[in-house]
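K.L.:
Have a look at this one before I ask anything.
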Amino acid sequence: MELLGLPTLALLVLVMSLSLLSVWTKMRTGGRLPPGPTPLPIIGNILQLDLKDIPASLSKLAKEYGPVYTLYFGSWPTVVLHGYDVVKEALLNQGDEFLGRGPLPIIEDSQKGHGIVFSEGERWKLLRRFSLMTLKNFGMGKRSLEERVQEEARCLVEELHKTEAQPFDPTFILACAPCNVICSILFNERFPYNDKTFLNLMDLLNKNFYQLNSIWIQMYNLWPTIMKYIPGKHREFSKRLGGVKNFILEKVKEHQESLDPANPRDYIDCFLSKIEEEKHNLKSDFNLENLAICGSNLFTAGTETTSTTLRFGLLLLVKHPEVQAKVHEELDRVIGRHQPPSMKDKMKLPYTDAVLHEIQRYITLLPSSLPHAVVQDTKFRHYVIPKGTAVFPFLSSILLDQKEFPNPEKFDPGHFLDKNGCFKKTDYFVPFSLGKRSCVGEGLARMELFLFFTTILQKFSLKALVEPKDLDIKPVTTGLFNLPPPYKLRLVPR
């Protein structure tokens, strides 16, 4: 094999030298950043992380450097917050200073600061407020949000009955239900689960969800300026993001032809009405680009996350038949087997509510929230974090806190019950993060999880294909997400 030519070798040395200089400069001029392991040129602290179990690596580093420490991803510093006290202090007590959105280049480069998730400043405040109010106001003379979710729960149960108590993988069916709810919210339409248009949309969302954890995406997020010129699967990811956006824009065109501002049918109608109201404001953030990206954000955040939580939840109930039996008993006693569950039943179902909370705590679907960033030079404890620095609130460190949740590695609904069997709230329940940047769809997700979960358990007994004690429930840690291991089960009608 030939040695590298002198020009190539010189270029390589130059790149490494510049990278080392960049890291050194940031460390010298970075205010008083929290302590952390010494980064290497180009790769930063990647070698200190087990990419197959990043949460374990972050907890290990916290033991060495404390609850606030600095890691370098590539050449860029990131402040990690470990534990409830520091996360609360940053996101609640100093929330306005930590309100920025940290980098996630693979999505950021496609959405370019539009939509809800990756926008900043006044645009973010405006679009978030509009989206929250629109979701809240569903039902003003129309079908309420709860009615839309209940309708989908009935359709989901009909599909599950078609399995005829035979072994099946629930992944696809459970993903269809929350995706259809988003379709109903955005453009007042739901699809049969075998509809070709719907299947194409599901394919785009599903592939991107799983590819977020791939080595290609991780490399892009570390070195976006280089990776954008290199062929690879990261380009397929961006194309699929564009596919979801184009799907929404087609629906927008249909709505523009039949829009009645006095009688909005859905989210798209409400947004189009705002565009019309502000058509003379050339700087208005109510435009088609923000509409398309807001819709994409709702699909991305509201489909796979909810379905994965449901899928993991069913697996845990198959693993723990004694818990499933208590849920069945409570549902039969409070609701019966024929009346559709509704949100007003939640207060009367403390054990079921505790099980749902424990599922979300135990699986820690998102070990870390999406990255934040400080919007100004920020004094935090004994440190000064420079403006624009990324911040990772490490949610797993809260959800698995040993003082708040004794034996946190054990699945135990008792974590959310008091001595009288009543539901027990805790500030440490943070699967949707904390503060003003918490998940905009939290209310919808909580509603979906409750109504889908109770409707399924009302109608079916969940049966394992092996002895429950032999079931593997260890999360598959893939980087950004904790996913359930693949499994099949039987649903036996009750």
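Glycine residues also receive a Cβ, built from the backbone N, Cα and C atoms like all the rest.
Annotation source Swiss-Prot lists heme binding site at C439, citing similarity to another entry. Annotation comment: Swiss-Prot describes S131 as phosphoserine, evidence class similarity to another entry. Annotated N6-acetyllysine per Swiss-Prot: K253, K379, in sequence order. The feature signal peptide is assigned by Swiss-Prot to 1-25.
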K.L.:
Quick check for the class: what is the C-alpha distance, in angstrom and rounded, between the residue listed as 'heme binding site' and K253 (N6-acetyllysine)?
P.N.:
28
K.L.:
Within 10 Å of the Cβ of K253 (N6-acetyllysine), how many other Cβ atoms can be counted across all chains shown?
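P.N.:
Other Cβ atoms found within 10 Å: 9.
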K.L.:
Can you tell me the three-state DSSP label for the residue listed as 'phosphoserine'?
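P.N.:
In the DSSP reduction, the residue listed as 'phosphoserine' maps to helix.
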K.L.:
Could you tell me the C-alpha distance between K253 (N6-acetyllysine) and S131 (phosphoserine) in angstrom, no decimals?
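P.N.:
Their Cα atoms are separated by 20 Å.
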K.L.:
Could you tell me the C-alpha distance between the residue listed as 'phosphoserine' and K379 (N6-acetyllysine) in angstrom, no decimals?
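P.N.:
Distance between the two Cα atoms comes out at 32 Å.
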K.L.:
Provide the number of Cβ atoms within 10 Å of the Cβ of C439 (heme binding site), excluding the reference atom itself.
P.N.:
18
K.L.:
Once the chains shown are all counted, how many other Cβ atoms turn up within 10 Å of the Cβ of K379 (N6-acetyllysine)?
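P.N.:
Excluding its own Cβ, the number within 10 Å is 13.
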K.L.:
Let me know how many other Cβ atoms fall within 10 Å of the Cβ of the residue listed as 'phosphoserine'.
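P.N.:
A 10 Å sphere around the Cβ of the residue listed as 'phosphoserine' contains 20 other Cβ atoms.
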